[in-house]
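Novice: Here it is, the structure, as structure tokens.
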Amino acid sequence: MNQGRIWTVVNPGVGLPLLLGSVTVIAILVHYAVLSNTTWFPKYWNGATVAAPAAAPAPAAPAAKK
């Protein structure tokens, strides 16, 4: 472990809950920011279907040669 000596300064009984709690808070804040600043994400989570774009009309067939 690269930073293994941190546990000589901070008790793991305190440090691990602080670390995991801060990760949880950051994840909740990111999800809140995405939900409050986009219109498509809440619809995606609710399962709303997106209306398919209208199909373009087919081009007319060329005139037959005689």
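We count from 1, first residue shown onward.
Yeah, the Cβs are placed from backbone N, Cα and C, and that goes for glycine too.
Swiss-Prot feature annotations, pasted as is:
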- 1-11: topological domain 'Cytoplasmic' (TOPO_DOM)
- 12-35: transmembrane segment (TRANSMEM)
- His31: bacteriochlorophyll binding site (BINDING)
- 36-66: topological domain 'Periplasmic' (TOPO_DOM)
Novice: Near the residue listed as 'bacteriochlorophyll binding site', how many other Cβ atoms are within 10 Å of its Cβ?
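Specialist: 11, counting other Cβ atoms within 10 Å of the residue listed as 'bacteriochlorophyll binding site'.
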Novice: Across the topological domain 'Periplasmic' (36-66), what is the average pLDDT of the model, as a whole number?
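Specialist: Mean pLDDT, the topological domain 'Periplasmic' (36-66): 75.
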Novice: Is it possible to list how many residues within the topological domain 'Cytoplasmic' (1-11) are helical, extended or coil according to DSSP?
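Specialist: Looking at the topological domain 'Cytoplasmic' (1-11) with DSSP, the answer is 5 helix, 0 strand, 6 coil.
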